[in-house]
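These notes concern the structure reproduced below.
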Amino acid sequence: MEFSRETRRLALQKMQERDLDLLIIGGGITGAGVALQAAASGLDTGLIEMQDFAQGTSSRSTKLVHGGLRYLKQFDVEVVSDTVSERAVVQQIAPHIPKPDPMLLPVYDEPGSTFSMFRLKVAMDLYDLLAGVSNTPAANKVLTKEEVLKREPDLKQEGLLGGGVYLDFRNNDARLVIENIKRANRDGALIASHVKAEDFLLDDDGKIIGVKARDLLSDQEIIIKAKLVINTTGPWSDEIRQFSHKGQPIHQMRPTKGVHLVVDRQKLPVSQPVYVDTGLNDGRMVFVLPREEKTYFGTTDTDYTGDLEHPQVTQEDVDYLLGVVNNRFPNANVTIDDIESSWAGLRPLLSGNSASDYNGGNSGKVSDDSFDHLVDTVKAYINHEDSREAVEKAIKQVETSTSEKELDPSAVSRGSSFDRDENGLFTLAGGKITDYRKMAEGALTGIIQILKEEFGKSFKLINSKTYPVSGGEINPANVDLEIEAYAQLGTLSGLSMDDARYLANLYGSNAPKVFALTRQLTAAEGLSLAETLSLHYAMDYEMALKPTDYFLRRTNHLLFMRDSLDALIDPVINEMAKHFEWSDQERVAQEDDLRRVIADNDLSALKGHQEG
């Protein structure tokens, strides 16, 4: 079904003519999951996103459907049980996206090690039990030092005790979002990107009856009426709630920044994903992951209070990650000049404050560490050894971390909360990508109940555990064979086997629709046939409106195919300009925007500063 710029125009028109059952603010994975289940359950559903879908946070993850093995060190069995159960569901409903990728976890004899060999074995066995893969080919393996080095010979040998291998899954985070969005659109949801909520419409009793929004492409104000409104904006959740709490700061969220860096595989060759302690005795672990012909590694985890739309990779972030990687892979000698791409994302962590947190628990008690840290900071301020800002930050940490075991952001729960304010606004916040379906299911259970009680409308929630996303109509037990069959179909449309296989993996059961475009398209100037098909499918069926949408989120060219990117920039912009009938001024603006994003991802400013 078409999902294009024209679809967007019609959706905005219809949203202004109706009284929706549910308006969703936010088009990341949380909002996309809610939209899919709401539309499939028959709710008259609308969704607005102020940027591109997944642009804010959901395209900036570690790109794993991660089981969370490290939580078992903290005995958070419920967290891991929920996570691996939901991971299995995502495999069922989006079988073309998560791919099994066994993870290697080396163990070192050093201060601050997350696991000893014994604890790792216990954790992996429990993990397998929770994931239902005990006594299967996917079950964990304990490795000797020699076996670890046979798999990854460039790992640091000093202090290496051995390791383990356990089942994990790589993910294409932005594709998971757009496939949920497309399915919601097919089921009748009205969806538009680049539309920003600016205020609420309120009735005489102060209850929300809609939203005042702005079309950021036309700068027109839009009035959207809805019986219920849900806020799924991740790190922006507090800002949206602020609309109806003028002058009263809301601190439900505690965003933390995570940075990943990308280098060529030859510079940092790893044959499989590696999850390893930093070696800095800071209680953290990092991933080193092969993708395409590149290797990426991360993440950092630091509190963030800056611009939510444009989190930046700093020199401190780079120094930290390069220090970790060069310590663990001593022969790599990775420098900032080797970094081909990068990304910085914000985790929408909950600050605590008695939120309903199925991933962590919430005692509501200030931890000793938090309290002691505040006392020490106040003493330092009195002695003129610290600043007022440091005291304010320490107070905020106590206010917003009542259930934390320690101050380290890595220890803050990734749990979710579902709340309703006095004005009727629902907010679904927190959580991890893996949990998105369960979060949406819980929220919609409550929303459907409210629609019946307050508006007399009855709906039956679909079984979202078996409801596939767009592209996901593939037998989960037979993914590789079905993808290969689609690829064979692509060769009949004139594609090479490699190109057909790439498109089949990217689009799943939508691949035949992509191949069918060959009936009306030939290779555009400067593009291969496969690139032309992918671009036009993104514009007409995935609401890609800007070159950055295509290069960064509909595909991963900007992250993991940097070698070929420069040659594609002009041909892609030319084709989009022709398709969308851009003026010369608009074409220049789009190119400037793309080159700014590329410069940010390439860390051009940091590299230039070093050279200067």
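Placement of Cβ uses the backbone N, Cα and C atoms for every residue, glycine included.
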Range annotated as region 'Disordered' in Swiss-Prot, from 41-61, 356-376, 398-418: 398-418
Greatest C-beta neighbour count within 10 angstroms, which of the binding-site residues Ile25, Ile29: Ile29
Most crowded position, judged by CB atoms within 10 A, among Gln37, Ser41 as binding-site residues: Gln37
